[in-house]
Each structure stands twice: as structure tokens, then as C-alpha cells.
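K.L.:
Here it is: the structure, laid out below.
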Amino acid sequence: MRTLTRVPLLSSSPGQQRRSQWWNAQRPHATTQRHIPARLSFATFSSSSPAGAAAISASALKPVVVVGSANADIYVEIDRLPLEGETIAARAGQTLAGGKGANQACCGGRLDYPTYFVGQIGDDAHGRLIEDALRGGGVRLDRLARVSSAPTGHAVVMLQSDGQNAIIIVGGANMSCWPEDPRDEDLEVVRSAGVLLLQREIPDRVNIQVAQAAKGAGVPVILDAGGMEAPVPDELIKLVDIFSPNETELARLTGMPTETFEQISRAAKRIHEKGVEKVLVKLGAKGSALFIEGEDPIIQPIIPASEVLDTTGAGDTFTAAFAVALVECKPMKECLKFAAAAASLCVQVKGAIPSMPDRAAVVELLQSLPADAATK
């Protein structure tokens, strides 16, 4: 018989210092404890810094809620991908917390915005690794479930020397043991959200159920296309306000080429025809573009990184940072710029969750740019 428990909240002492100097503090195995309030409280965000003041300015807004996957990412660093039938040696390996849902939730928490994560982990060491990482990122965990009948999801991340990666996912608790009907407490959190973030590493039926609850409460829904290769069900896509694929996912889901910007524009129009008003396309080294039905696209170039160590989690960082800026009522151009800065910092650190920048680092990067550098 399946058993399910809620992960208990852990509060640190009120005087405990939150993470500072993000860039210098990055270590692949480091997790940092932050004060997690017993109840959602905006008063815990300090106003002693510009980052804290920005978070407090959002205090009248509703939280970001992420429903999605949590994985243990098993990293192997290699010079190249193996050929069929070939065995090669890795230069190094380690296991870090990840998963598209957990990544996006941790990004929201690191950006000093109240963020809930609704997801499932197994009752195992990988689950505890993820729990600790999310707690260290400031994520609310009272809607994280631990199941005993399935292992925590995991992924094998083959990281090449140029920072590019190939990933294989094992669903585990992400894809099984979800209740037939969503738990009332989970739906209550979704209905209270300022924005709902979804991905495709959990069953489509779960995404549909929570998206329906969000729609009924007037909560905007962002669906990241990453995860399953299967077509997005029409029942889900019609509930989505912002659909966010990368160019490869856009090509696969529309059956259209996406090698040029004109082709990407036509593919985005195909998504509009399915009932989605906004299509946010992540273009890798070419930046990003937001296609709003009936309007000219908004183009955001990348903000160059000093070095690219690992692109894992960059797309999740971009999507989550965009969502945070959106719920803070920033104009769309500013949302894209904020997301681009967060993604630029992300790729300079190995690991998904360890690479998520805090708000102070993002603001500092944006302020260091020439006035027009982030928008041309």
C-alpha cells in the first residue's frame, strides 16, 4: 500500500545570515541554510540591501508556485559523447539536486521571491539531497510529498568540455504515485499563486488538473515545453497563457523548421493558433524572443557570460526568472532582460541548482551593463 508523507519544514535561527557574495560562494557541493518561515511571510526579507528592498516591494503580490519534477542529477564530465557500443572514461562525476520543477522553484527562492514547490520525491538519499537543496534555496516545502513506493527521479547528465550537455531522465516518483485527484491543499496553494509554472517531467494529467485550478482562479499559467517528447495535449495547451519552448522543442512540437528567425516566427504562430497568446522561445546563444499574438516580437539577445562551464539549468533559470519579474509587474521587455541576466550567471557555474544566482547578483550584472547593452 502506498504511503505518502509531507516533508516537514525546518526553520533556522532568526539571526542566521542568508547567502551573500553569490559568485565567490559557489561550490558544487555547497548548500546554504536560509531562514524558512513557518508560514508565508514577506517580513523575513531584509530591506537592508537593494535586493531585499526589491523583494519587499513585491510583498503585495502573490507567490510563485511551481508544480513539477525533482531529480538527482548524476553528472559525468566527458570530452565527447560515446559512440554506439563504445565505453569511455569520465574525467569526473558527482550527484547534485536538479529536475526542471525543482530548478525553477529554487531559482524563484534564490531571487528572494516567495516560492512554493509542489512535487514528489522518494523516501531515499536522493530525495533528501533534493529536499536539502530546495530548503537551502529558500523554497517553501510544505507541499513537497515523500512517497515510499517509488524512488526519487534521477537523470544522467553527460557534460562535455564546452559546457554543452546531453541528458537521460528516469522519472521515478515524478511520473508515478500521484493521486487520481489533486490534494485540496495543493489546489489551494495553486489558486493563491501570482503565477503557476509547469513543465513536462510529470504526468500530463497532473499538469491539466492544476492548470484548470489556476485558470479558474485567474492565475496565469506558464508551461515550459521541456520534458516529454510527446505532443502537448490540446486539453493542456488551451489552459496555458505563456508557452516556453526552446527552438528544438518548438520544431518538434509544431513539425516546422526553426533554423531562421522567420521560421521560428511562423512556428510560434502555429502555437498561437492552438489558443496560446504568448510564446516565449529560448534561443540559446542567440538569446530569446517573446511572440505575443497580434504584436511585434520582443527580441532579447544574450548577456554574454565571461565563461560557459555548464548550460544545465540555464533554460529553467531563464523561465523562472521571467516568471518572477512577471509577477512583480515588470514590463515584458524588463522581464526578458532580467531573465537573460539570470541565465548568463547560471552558465558560469557547474550544476543546475548550485548555479542559480541570487537577486543581488542579477541586479549587479544588469547595473554593470551600458544603458542599451541588454536590449540591442
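Glycine residues also receive a Cβ, built from the backbone N, Cα and C atoms like all the rest.
According to TrEMBL:
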REGION    1-24  region 'Disordered'
COMPBIAS  10-24  compositional bias 'Polar residues'
DOMAIN    64-358  domain 'Carbohydrate kinase PfkB'
BINDING   Asn246, Lys282, Leu283, Gly284, Ala285, Lys286, Gly287, Gly315, Asp316  ATP binding site
BINDING   Asp310, Thr312, Cys346, Val349, Gly351, Ser355  K(+) binding site
ACT_SITE  Asp316  active site, proton acceptor
K.L.:
Going by C-alpha distance, which of the binding-site residues Leu283, Gly287, Asp316 is nearest to Asp310 (K(+) binding site)?
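P.N.:
Sorting the binding-site residues by distance from Asp310 (K(+) binding site), the top entry is Asp316.
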K.L.:
Let me make sure I understand the structure: which of the binding-site residues listed (Asp310, Asp316) has the fewest other Cβ atoms within 10 A of its Cβ?
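P.N.:
Among the binding-site residues Asp310, Asp316, the sparsest Cβ neighbourhood within 10 Å belongs to Asp310.
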K.L.:
Hey, of the binding-site residues listed (Gly287, Gly351), which one tops the CB count within 10 A?
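P.N.:
Buried the deepest by this measure is Gly351.
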K.L.:
Say we define neighbours as other CB atoms within 10 Å of the CB. Which of the binding-site residues Leu283, Ala285, Cys346, Val349 has the fewest?
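P.N.:
Lowest Cβ count within 10 Å among the binding-site residues (Leu283, Ala285, Cys346, Val349) is Ala285.
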K.L.:
What's the number of neighbouring CB atoms sitting within 10 A of the CB on Thr312 (K(+) binding site)?
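P.N.:
Step by step: centre on the Cβ of Thr312 (K(+) binding site), count other Cβ atoms within 10 Å, giving 27.
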K.L.:
Summarise the model confidence on the domain 'Carbohydrate kinase PfkB' (64-358) as a single mean pLDDT, whole number.
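P.N.:
Within the domain 'Carbohydrate kinase PfkB' (64-358), the model's average pLDDT equals 95.
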K.L.:
What's the CA-CA gap between Gly351 (K(+) binding site) and Asn246 (ATP binding site) in angstrom, rounded?
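P.N.:
Cα of Gly351 (K(+) binding site) to Cα of Asn246 (ATP binding site) measures 20 Å after rounding.
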K.L.:
How many neighbouring Cβ atoms, not counting its own, are there within 10 Å of the Cβ of Asn246 (ATP binding site)?
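P.N.:
A count of 20.
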K.L.:
Can you tell me how far the Cα of Asn246 (ATP binding site) sits from the Cα of Thr312 (K(+) binding site), in Å?
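P.N.:
Here the two Cα atoms are 13 Å apart.
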K.L.:
Give the number of CB atoms, excluding that of Ser355 (K(+) binding site) itself, located within 10 Å of its CB.
P.N.:
28
